[in-house]
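To keep things clear, I will list the structure first and then write my remarks on it.
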Amino acid sequence: MSNKPKIAVFGSGSWATAIVKMLCENMETVGWYIRSEQSLEYIQENKHNPNYLTSVEFHIDQLKLSNDINEMIDYADYLIFVIPSAFVHQELAKITTSFEGKILFSAIKGIIPESGLIVGEHFHDILKVPFENIGVITGPCHAEEVALERLSYLTIACRDENKAEIIGNSLASRYIKTKTSDDIIGTEYAAMLKNIYAIAAGIAHGLGYGDNFQSVLMSNSIREMKRFIKKVHKMKRNINNSAYLGDLLVTGYSTFSRNRMFGNMIGKGYTVKSAQFEMVMVAEGYYATKSAFELNQKNGAKTPIIDTVYRILYEGKNPKKQFKKLTDLLD
Ligand SMILES: NC(=O)C1=CN([C@@H]2O[C@H](COP(=O)(O)OP(=O)(O)OC[C@H]3O[C@@H](n4cnc5c(N)ncnc54)[C@H](O)[C@@H]3O)[C@@H](O)[C@H]2O)C=CC1
Ligand SMILES: O=C(CO)COP(=O)(O)O
């Protein structure tokens, strides 16, 4: 690998588009795998993504675009995956080339339904990538605010600090600050769990609960997150750091949050199917709720918020009644 490693982004939603923008601030060339040929041709002609963050303009000569996933894997040293977790399995199934020597980062905040694993674990257990070659890009950061160049903070987690720094330095700019962490498992679980709590916040809002209740819900959510993560990966971590608490707060409170938006519709009486139909974007917390609930059946952490969201989304229980019961379990 040369001094200037090649980086490629896999995915073409809002977050992938934002990450490509961040990398373009620092790199001469950024690889970008885009599944849809139509979207790729549109970007080549119009210099912006047709569907997501359409205000972000790219210099086409800075982009190495391809809709061939194998070609892009062969091109890059660092591969950043930003495909929603529900579609990762089917995208990975297209791969015929080798991951040997490649460094895989995940900016995905979810669990892969087919394996029930967070993405880093999936890379390790299923794709057999060593943990030193796996990293996570996380933190409280909405793609829409990156597009607006509003100051945002990212945490880059990798067991090999040098690799975390390479990605951190490639993303940092006037409006992006990065820090590194070695908690690849805990940060990923936090990123997945906060989406479920954001759905809970949305449901509460949709049901008419106010700011006073929301703060109690968030306070209970961070404690629940801590209990959950401690069961899956015990290590010394400060749950109040931005990658854990910060991400919970931005997703629970921001009007940009897809998960909160989805929850809000459920609270207002939409069915799961109709809420999903209304959403142009993916609410990862929907899939995470099922996986986290099932995982916790084995681990046995006390998770009244996840359990409540699960009963509403997957057992068709009444949100109003379920939240009434939940209110008696919070403090
Ligand atoms: N949007 C944001 O601000 C942030 C998102 N993330 C995470 O990034 C990941 C990607 O989310 P977004 O970019 O927000 O998604 P999005 O909702 O903006 O875009 C959805 C993406 O999924 C793709 N897609 C749809 N059907 C597909 C299929 N069958 N196979 C493969 N791809 C398919 C679409 O082409 C599109 O690229 C998620 O895990 C999310 O949690 C993380 C941080 C911030
Ligand atoms: O992860 C995010 C912010 O840090 C994005 O959350 P949403 O998917 O709910 O928009």
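Each Cβ is built from the backbone N, Cα and C atoms, and glycine gets one as well.
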According to TrEMBL, S14, W15, R35, Y52, K109, A143, V282, E284 bind NADPH; which of R174, R258, R311 is also listed for that site? R258
TrEMBL has K109, G139, D247, S257, R258, N259 down as binding sn-glycerol 3-phosphate; which of K64, K194, K302 does it also list for that site? K194
At 10 angstroms around each C-beta, which of the recorded positions R35, K109, K194, R258 has the fewest other C-beta atoms nearby? R35
Within 10 angstroms of K109 (NADPH binding site), Cα basis - recorded positions out of K194, S257, N259: K194
To the nearest Å, how far is the Cα of K194 (active site, proton acceptor) from the Cα of E284 (NADPH binding site)? 10
Cβ packing number for N259 (sn-glycerol 3-phosphate binding site), 10 Å threshold: 28
